[in-house]
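What TrEMBL says about this one:
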- G65, S66, Q82, Q83, F84, R85: GTP binding site (BINDING)
- 1-146: domain 'C-CAP/cofactor C-like' (DOMAIN)
Amino acid sequence: QIDPKDYTFSGLKNETVGRLPGKVAGQQFVIQDCENCQIYIFDHSATITIDDCVNCQIFLGPIKGSVFFRDCKDCKCVVACQQFRTRDCKKLEVFLCCATQPIIESSTGMKFGCFQYYYPELALQFKDAGLSIFNNTWSNIHDFTPVSGENNWGLLPETAAVQDYVPLPSSEELKAVRVSTDATKSIIPITRGRRQKNSDESCLAVFFAGDYTTANARKLIDEMTSKGFQLVQTKEVLMKAEDAHRVFQQSALEFIPLLEKGPVVALEFNGDGAVEQCRSTVNEVFNGTKVFVSESKASASQDVDNFYNFADMQMGM
């Protein structure tokens, strides 16, 4: 029998509390009326509601459904979820991984950054919650109640470091979780999202489903970012033959047979020389693996638009 008390933090003040990996195991969780607390849910859950919390620092592991913040203020959070919503909130700063467009309503002073976090159990928790590490629309915020002439939300500084907002847990019990907030270790690839691009040259790379898709995509990200290129956005999505014609144009026939194996993972890199560098890296590192890479700077921006327009329609369905 499930005791709701095991899945609730309520009325706490000046406390550090949390749940270790395996302790929530896909249940729903409630956090309410907490003040000056540090709260860590190091597990996956079904849904989480956070009501009337003030000046709290909160980490929420992968949430299969929605997380809903209501009447909260001055909170700093790290959150991974399928759906993100706030209502009547003030001054939330959130490092976010969200599979769908995040929505704020009647909320002001909201700031967003890209989720960056690691502990050994996190990758499996993402799987258990049915979330892809490549589907993260953290910066594509929809303000349900915009006010003319005012902006209710913005992006955190690019240099923002997670541990300055949500510090590592200090309690003995929670220290057992081997957390790293080092950006290079993050389970979620760190993307620029909607920030201004540095260059007018982008490149699209698409990996097809197989045993090493995730590892290969990560390897290419490491190779490209170590050379100073920026990862703008990532996406994991199923494609059909007709989608391939739209996105891959002339080379579609070569890739159509690969689509039946499962979803593709697409990466957009930005920077002067991105296409040339991406093509040579793929040839050197992934010799023998079929990867779609933009042919030239001229066609690359169209590739990026074609793919992400298609993907956005898929995600919107």
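Cβ atoms here come from the backbone N, Cα and C positions, even for glycine.
Per-residue confidence over the domain 'C-CAP/cofactor C-like' (1-146) averages 97 (mean pLDDT, predicted model).
Apart from the site residues G65, S66, Q82, Q83, F84, R85, the chain places the Cβ of T47, I63, V67, F68, C81, C98, T100 no farther than 8 Å from the centroid of the site's Cβ atoms, the recorded GTP location.
Summarised by DSSP class, the composition of the domain 'C-CAP/cofactor C-like' (1-146) is 11 helix, 73 strand, 62 coil.
The Cβ neighbour count for F84 (GTP binding site), using a 10 Å radius over every protein chain in view, is 27. Across the residues annotated as binding GTP (G65, S66, Q82, Q83, F84, R85), the two Cα atoms farthest apart lie 11 Å from each other.
Taking all protein chains in view, 19 other C-beta atoms sit within 10 angstroms of the C-beta of Q82 (GTP binding site). Under 8 Å, Cβ to Cβ, and six or more positions away along its own chain, S66 (GTP binding site) finds T47, C81, Q82, Q83, F84, R85. Shown in sequence order, A46, T47, C81, Q82, Q83 are the residues of the chain, 6+ apart in sequence, with a C-beta less than 8 angstroms from the C-beta of G65 (GTP binding site).
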